[in-house]
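Structure record follows, encoded as structure tokens.
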Amino acid sequence: NSSDLSPSFVLASPPGLEAAQAWMAWIPLCSAYALALAGNCAVLLAVRLEPGLHVPMYLFLCMLAAIDLALATATVPRTLCFYWFGSREIGFGACLLQMFLIHTLSAVESSVLLAMAVDRYVAICHPLRHAAVLTNRAVAGMGLLAAARGVLFFLPLPLLLLPLPFCGSRELSHSFCLHQDVMNLACASTTPSVVYGLTAILLVMGLDAVLICLSYVLILKAVLRLAAWRERLKVFSTCVAHICVVLAFYVPLIGLSVVHRFGKDLAPLVHVIMGNIYILVPAVLNPIIYGVRTKQIRRRIL
């Protein structure tokens, strides 16, 4: 029960299902990871091979696919090792690194979704200026800015946890490391971590969500000014895939936050499932959504 300078943590195991862990890994988790890998790699390859897709919307989609691949790879292989080989312990440094990657990549994905919303706004509300504003150089700059923003905002999270002592229980609520989860195991004041973590989430994901909603309010106003209903539907249909991708990212994020805030009395299995949904659902759904909505991507994949 004493604290030490380099503690290890115990990844969450679905209670009552220990005997079926290998099958649980193979069937839902491994299948979802394989779909995420295949789908996002197919999108990257399709955009690379199709010259007609070398436009801002699909360049942002490539960034999204790369982020989803990195996020899934940062968590799922370690979880599969846990299920297959029973290796539940994760070192303090490895846990902090995984936590940093998860939160940073999520922040970068949120920023890319905002950039895609800006692209849709300019394309619909200012179509004549679209090519001049969203050049390839501007798209690359937005991608670099999104990456720098994620690193700068979420690098302090593991640094704030480094000096904290950990004692008592070391068992996490998920099969990977999250800031809220690790922070709750500390046996010292976590007020700076709580305040900074909440501030970072609000200034990145919260602000991005507000700006995405604002962009769609402006898009809707521009669409409603069109005379014919058929023309309105045609213009707005170009945003459907992006709206679905935004929901696939923010709904699991909000669900996981609600479980952390109000789910102390929920079954441990709920925490494990919600964590895996948060990591894998966007990575699996994003290529499917754009594959269904984009003829060029679908043709190249086939």
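Glycine residues also receive a Cβ, built from the backbone N, Cα and C atoms like all the rest.
Note that the coordinates shown come from a computational prediction; the quantities given were computed from them, not determined experimentally.
Features of the protein shown, as given by TrEMBL:
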type     : residues : note
DOMAIN   : 39-290   : domain 'G-protein coupled receptors family 1 profile'
TRANSMEM : 23-46    : transmembrane segment
TRANSMEM : 58-85    : transmembrane segment
TRANSMEM : 91-118   : transmembrane segment
TRANSMEM : 139-162  : transmembrane segment
TRANSMEM : 194-219  : transmembrane segment
TRANSMEM : 240-263  : transmembrane segment
TRANSMEM : 269-292  : transmembrane segment
Query: Should the transmembrane segment (194-219) and the transmembrane segment (23-46) be scored as in contact, given a threshold of at least 3 Cβ pairs under 8 Å and pairs 6 or more apart?
result: no
Task: Express the predicted model's confidence over the domain 'G-protein coupled receptors family 1 profile' (39-290) as a mean pLDDT, rounded to an integer.
output: 90
- prompt: Would the transmembrane segment (91-118) count as touching the transmembrane segment (23-46), i.e. at least 3 C-beta pairs under 8 angstroms with sequence separation of 6+?
  reply: no
Task: For the transmembrane segment (139-162) and the transmembrane segment (269-292), check the count of CB pairs under 8 Å (sequence separation 6 or more) and say whether it reaches 3 or more.
output: no
Field: Cβ contacts under 8 Å made by the transmembrane segment (269-292) with residues that lie 6+ beyond its boundaries
entry: 12-15, 17, 28-29, 32-33, 35-36, 39-40, 42-43, 61, 64-65, 68-69, 71-72, 75-76, 79, 102, 109, 173-176, 178, 241, 244-245, 248-249, 252-253, 255-256, 259, 263, 298, 301
Field: Contact set, same chain, for the transmembrane segment (91-118): CB under 8 Å, 6 or more residues outside the stretch
entry: 6-9, 57, 60-61, 63-64, 67-68, 70-71, 74-75, 78, 139, 142-143, 145-147, 149-151, 153-155, 157-158, 161-162, 176-179, 182, 200, 204-205, 208-209, 211-212, 215-216, 242, 245-246, 249, 253, 279, 282
